Amino acid sequence: MKSFNSLLVSFFLLFYTTNAFNITHILGKYPDFSTFNNYLTQTQLAAAINSRQTITILAVDNAGISPLSGKPADELKKILSVHVVLDYFDDQKLKKLSKKTSLLTTLFQSSGQATGQQGFVNVTNLSTGSVVFGSGVKGSALGANLVKSVDAEPYNISVLQISTVIIPPGIDGSTANSSTNSTAKSPQASPAPGPASVPPTKSPKKSPPTAAPQPSEAAPPPNATADSPAKGDADVPTADAPAKDDKKSAGVALSLGVFVVLVIAVSTSFIGLVF
């Protein structure tokens with residue numbers, strides 16, 4: 001029985017040792033990642049990585065690690081933990097993403113300190129065949145390119161080199177302030193093009209109404225008013241109508257007078273004949 005227990009313990013120890021890995025030793029084989037490796041040790045992330053069974057490290061070489069220079073230890077740990085993906089991905093698996101893009105859960109998400117999508121990494125397989133990474137925060141740029149596979153122990157640990165550091169917006173106070181300042185400036189920038197584009201371009205459009213076409217349209221009203229005097233002239237004969245009435249009345253009076261004279265003459269001659 002004791003021999004069986006000893007054999008069982010030996011089996012589990014053998015299983016553990018064959019599946020265990022040491023990220024410090026792995027990166028120690030590649031001098032180009034010495035700074036990244038030292039950061040993992042300083043922030044105690046190396047121990048957290050070694051305690052995992054399946055993990056992917058997005059490592060940045062010494063040439064691309066400069067954005068982390070001078071960062072406080074706490075902020076440095078948060079940023080580096082974003083580069084630790086809690087699943088196994090090699091370059092072949094990344095290039096065969098079913099939806100061409102995916103959000104990968106990182107060690108920072110499991111820490112409980114992430115807000116929003118800060119604890120996720122966006123990986124996208126471009127149509128050109130390139131694979132790019134960026135923060136999972138909405139609107140973040142996919143600025144880190146997959147360079148190559150550095151090391152791998154299949155389905156346990158994969159170390160991939162990316163071109164630059166992934167820093168999620170708002171992961172520290174200064175980054176959050178700078179992002180809010182940039183978004184505050186954008187509305188100020190938007191009004192600027194407004195007046196520049198709308199009024200100046202529309203002012204030439206207002207000038208054509210004041211140009212020749214509308215004065216030409218204004219010309220007809222004077223002509224219309226010029227025609228009204230002609231109508232006034234047409235009304236002049238109606239003003240002469242009283243003169244015609246006077247002539248008619250004069251003719252009637254003259255005729256009446258002649259008639260009276262004739263009546264008198266006839267009466268006189270008749271009286272003469274009688275007497």
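Just so you know, glycine gets a Cβ as well, placed from its N, Cα and C.
Those TrEMBL annotations? Automatic predictions, nothing curated.
Pulled from TrEMBL:
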type	residues	note
SIGNAL	1-20	signal peptide
DOMAIN	20-166	domain 'FAS1'
REGION	174-247	region 'Disordered'
COMPBIAS	174-189	compositional bias 'Low complexity'
COMPBIAS	190-223	compositional bias 'Pro residues'
TRANSMEM	252-274	transmembrane segment
Determine how many residues of the domain 'FAS1' (20-166) DSSP places in helix, in strand and in coil. 44 helix, 40 strand, 63 coil
For the domain 'FAS1' (20-166), what's the model's average pLDDT? 96
